[in-house]
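Peer 1: Next up is a structure, given as structure tokens.
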Amino acid sequence: MTEQMTVRGTLKGHSGWVTQIATTPQFPDMILSASRDKTIIMWKLTRDETNYGIPQRALRGHSHFVSDVVISSDGQFALSGSWDGTLRLWDLTTGTTTRRFVGHTKDVLSVAFSADNRQIVSGSRDKTIKLWNTLGVCKYTIQDDSHTEWVSCVRFSPNSSNPIIVSCGWDKMVKVWNLANCKLKTNHIGHTGYLNTVTVSPDGSLCASGGKDGQAMLWDLNEGKHLYTLDGGDTINALCFSPNRYWLCAATGPSIKIWDLEGKIIVDELRQDIITTNSKAEPPQCTSLAWSADGQTLFAGYTDNLIRVWQVTIGTR
């Protein structure tokens, strides 16, 4: 008996690429998705065969593509970043913006909450990383030893005993920052192309990075060293660890690869069946990934504006 993924349905509502998806353990029937249509949709998951969920509310305010969205650990707030150069904090009960964060001089590409929700980090095309408090005040701008190109992704470690920020950029670098003094702790060198994404494991012990070279590189955050590399075979747009299995998922071009990190083997490869009359048409690319908090459901956002939903099932392959 092996675990495999079974497609469960789709979520239709966006009119632009789905750039990010966020889930929260507090509300298992709700997810958020960010899009190039400038909105964030709050979905109510119905898990029907036809429609896996319905758009409950649209969070409007950004004037350009929304690049990233995350949910606070209490499930009450969302944080978004946009190509309009700002971050926004949203009250999810009312759907309104409670704070606008102004300071970046170019598109914001990535945002994150610290484990205690008291700090916010953002990465931008202006090549800086900014640390903010929840009142929207920029407390620190990392410029020393910073990326020499766009900062494509920033993430906090969930482990409060090792307070760090991990970032990656179009300079092919993965950088680990000491949160206490915002100083560079480690440079992880090895990628041969620009980087799109970095993600930290649920226990904070390792991170994975990916981008143009199609390689998912795993790094030990405690030891500050490269562990191993998994070949994705196509540009990696998104990476995420399973919350309860030793799995890493990668959005590789139009498909999703799931690796079991114990044996470094592929558990499953997810391709959506697109019926197209024109075989030259580029298949939709997978641009975002998120697991449900219980690790049973995988949500994936695409360039055809849909979210596709898979579930872990026990198979007999």
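The backbone N, Cα and C atoms fix where each Cβ goes, and this holds for glycine too.
Below, the features straight out of Swiss-Prot:
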type: REPEAT; residues: 13-44; note: repeat 'WD 1'
type: REPEAT; residues: 61-91; note: repeat 'WD 2'
type: REPEAT; residues: 103-133; note: repeat 'WD 3'
type: REPEAT; residues: 146-178; note: repeat 'WD 4'
type: REPEAT; residues: 190-220; note: repeat 'WD 5'
type: REPEAT; residues: 231-260; note: repeat 'WD 6'
type: REPEAT; residues: 281-311; note: repeat 'WD 7'
Peer 1: Between the stretches 13-44, 146-178, 281-311, which one has more Cβ pairs under 8 Å with the repeat 'WD 6' (231-260) than any other?
Peer 2: 281-311
Peer 1: The repeat 'WD 2' (61-91): which same-chain residues, six or more beyond its ends, come within Cβ distance under 8 Å?
Peer 2: 16, 19-27, 32-36, 38-40, 97-102, 104-113, 115-117, 120, 122, 124, 132, 134, 136
Peer 1: Counting each residue once, how many in the repeat 'WD 1' (13-44) are helix, strand and coil under DSSP?
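Peer 2: In the repeat 'WD 1' (13-44), the DSSP-based counts are 0 helix, 17 strand, 15 coil.
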Peer 1: Looking at 13-44, 146-178, 190-220, which one has the highest count of Cβ pairs under 8 angstroms to the repeat 'WD 7' (281-311)?
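Peer 2: Per the Cβ count, the answer is 13-44.
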Peer 1: Would you report the average pLDDT that the model assigns to the repeat 'WD 7' (281-311)?
Peer 2: 96
